[in-house]
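> Below is a structure I'd like to ask you about.
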């Protein structure tokens with residue numbers, strides 16, 4: 001959902017759009033809540049309040065002030081991520097296809113021959129990091145840039161087995177135009193760029209688990225973050241390979257040698273970071289043209305010093321000359337060295353050229369060893385060729401994608417590698433490595449062990465759900481790690497499947513009830529965005545590969561109505577009730593009937609079941625941004641800090657009733673996941689609340705009326721306002737509560753309209769207008785540790801006779817209270833009060 005705030009209405013009508021006029025009779029929170037539960041995707045918010053916009057944005061719902069028709073058109077036509085702190089809108093808008101255009105935010109691609117393989121009449125446009133260069137297209141009151149690019153298609157092509165780029169591109173664009181937008185992936189880079197600076201500013205030691213290539217630029221500014229990935233392919237792993245021959249396979253129609261070099265250097269930088277936690281100087285031999293340096297510098301400031309007889313235009317310092325063994329002493333400590341020296345074959349005889357290449361490989365290794373043998377804080381990435389070679393068994397082998405699979409590969413060496421054992425590797429084994437192994441990640445750090453790290457802040461986004469990990473170990477880590485942001489795949493199946501297929505692996509699935517946490521927030525992607533200064537126009541889909549975001553050690557835990565709050569909790573219910581259900585009251589009716597309350601008169605205003613909890617359970621796939629467990633816990637300990645809105649404190653029994661209704665709903669829907677979730681939430685409610693039941697009561701609270709509009713044969717027809725199980729020395733406490741509640745009790749507007757047989761030989765009249773006061777009374781008794789109410793639902797009624805009678809219906813009649821009293825069952829009245 002997106003909320004576009006306008007000062008004036010617009011004449012044009014837009015699809016899937018609704019207008020909301022700010023209600024001055026309600027505060028900003030109540031207006032925000034009402035907006036969040038509207039069912040259309042676009043909300044035009046008139047006479048808006050800035051505070052209401054802020055509330056929505058902090059809840060993860062994109063809400064933007066719009067000052068002109070151009071701004072409105074730009075935002076209503078596409079989805080976007082909004083940085084509400086810095087007032088930047090990141091559009092995810094692919095309408096540029098109508099210009100016969102694809103876009104990239106990687107400069108090196110523009111220097112290739114990719115243009116020869118685009119769709120006929122199409123062009124490639126470089127738009128800068130996250131589309132920053134497009135800012136000039138939008139002369140708006142807020143900063144606006146289009147972050148949509150086709151880099152995902154280009155990179156997927158590079159790693160695919162397909163060679164025809166034009167066909168691949170065409171298929172992917174058609175897929176993009178016919179499937180829902182992968183909004184989380186599109187906004188994830190914006191999120192990471194917002195998330196990690198804020199974490200690093202607060203926490204000295206940060207661990208990041210499972211980064212992939214899409215994060216390769218994000219972390220260049222954070223050398224102190226310790227990365228964990230899937231580990232490196234090292235020389236000793238080649239022992240498993242059988243010898244092969246030269247393959248010579250074409251990988252890409254257009255030249256991606258630049259991409260390969262960039263990946264090699266970035267891999268080396270992150271390897272250096274994990275050893276030394278600082279930025280290195282970057283030396284490169286055989287550097288020309290290295291257009292990708294421009295891309296690196298768009299993200300982070302590095303010093304590049306390069307050697308090559310040809311130009312390297314984006315280098316900090318370039319030496320237009322060859323580099324020799326004797327020049328190694330020019331290279332300083334605290335650096336990385338990338339050696340990419342190889343003579344081009346040209347028209348040279350193959351055998352002669354092969355001899356030169358092997359000599360250069362030995363020379364490259366000698367330079368690498370000499371560089372690493374002196375000084376400190378050094379890492380080298382060196383170009384090698386498939387030949388009989390001795391290499392350190394701990395050397396890291398790289399084979400990032402390049403235009404053709406031929407005979408080249410790379411090795412990363414550190415100062416410890418050069419003093420470890422070397423192993424002879426025959427040429428055929430290196431060919432087996434080149435032919436069968438593609439390095440898919442610039443992060444080659446060791447795997448993360450599922451253990452807590454008390455002094456570190458752990459970030460693990462989309463990294464731990466894989467069934468290679470022990471599910472219980474993942475749960476234990478989340479339960480015990482004091483400071484972290486960890487995601488796990490949500491169980492949004494209908495058969496309560498413990499793990500689900502994802503690509504070529506399986507993921508464990510989780511529900512919020514799998515974790516035992518305090519001071520932690522469990523929310524969705526959009527709920528998490530709101531906590532870190534962002535909001536989004538399209539929330540996560542109810543099915544598919546979605547994740548719970550679990551934030552441990554946050555200072556926002558107590559801010560219940562600001563973050564991961566109840567905004568939108570009824571939205572799915574509204575969509576169903578007002579479109580396909582039997583009546584818009586269907587939810588109210590079902591909740592009462594499923595708890596054996598058959599008096600449906602006024603069910604939409606007088607109900608015994610928490611609608612919040614009920615909707616949060618049965619539609620959890622749609623509204624898990626709302627942290628239900630946190631909401632329950634803070635209520636249970638009486639620490640609900642509320643800034644505004646229409647606040648109603650639920651009695652714990654109302655939450656139990658909601659769980660019972662949700663369980664019956666789940667059974668009817670054959671939804672085993674909701675059934676378990678509702679059972680576990682009910683168990684959690686019973687755990688955090690000390691609920692006791694007066695199922696064998698000894699006292700009751702009665703209400704006597706001036707008159708009853710029915711015939712009766714009991715001595716005094718009365719409404720039992722509740723039963724208690726108390727000792728005699730608690731009578732004073734009960735009376736104190738009744739006196740505090742006196743005004744509210746006598747203000748009850750009780751009415752009756754029919755009689756019925758409650759059970760065999762029990763003839764009663766209905767009583768409406770009681771429940772809201774009953775639950776307030778329940779809460780007061782609960783806080784005073786007085787057992788009040790039974791385990792079955794309280795159904796207000798007035799007993800008229802203990803014999804079978806003919807039921808009657810009358811016009812709704814108000815009943816005037818005469819007195820309210822406390823009486824021992826089968827005993828005497830111990831307290832009586834009148835108005």
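Glycine too: its Cβ is placed from the backbone N, Cα and C atoms.
Sharing the feature lines straight out of Swiss-Prot:
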| type | residues | note |
| --- | --- | --- |
| REGION | 171-245 | region 'N7-methyltransferase activity' |
| REGION | 246-428 | region '2'-O-methyltransferase activity' |
| REGION | 429-555 | region 'N7-methyltransferase activity' |
| REGION | 556-692 | region 'GTase/RTPase activity' |
| REGION | 693-835 | region '2'-5'-phosphodiesterase activity' |
| ACT_SITE | 718 | active site, for 2'-5'-phosphodiesterase activity |
| ACT_SITE | 720 | active site, for 2'-5'-phosphodiesterase activity |
| ACT_SITE | 797 | active site, for 2'-5'-phosphodiesterase activity |
| ACT_SITE | 799 | active site, for 2'-5'-phosphodiesterase activity |
> What average pLDDT does the predicted model assign to the region 'GTase/RTPase activity' (556-692)?
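Here the mean pLDDT over the region 'GTase/RTPase activity' (556-692) amounts to 89.
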> Near residue 718 (active site, for 2'-5'-phosphodiesterase activity), which residues of its chain come within a Cβ-Cβ distance under 8 Å, counting only those 6 or more away in sequence?
702, 703, 704, 705, 798, 799
> Which residues does residue 720 (active site, for 2'-5'-phosphodiesterase activity) neighbour through Cβ under 8 Å, counting only same-chain ones at least six apart?
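Long-range Cβ contacts: 700, 701, 702, 703, 797, 799.
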> Around residue 799 (active site, for 2'-5'-phosphodiesterase activity), how many other C-beta atoms are within 10 angstroms of its C-beta?
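Its Cβ shell of radius 10 Å holds 17 other Cβ atoms.
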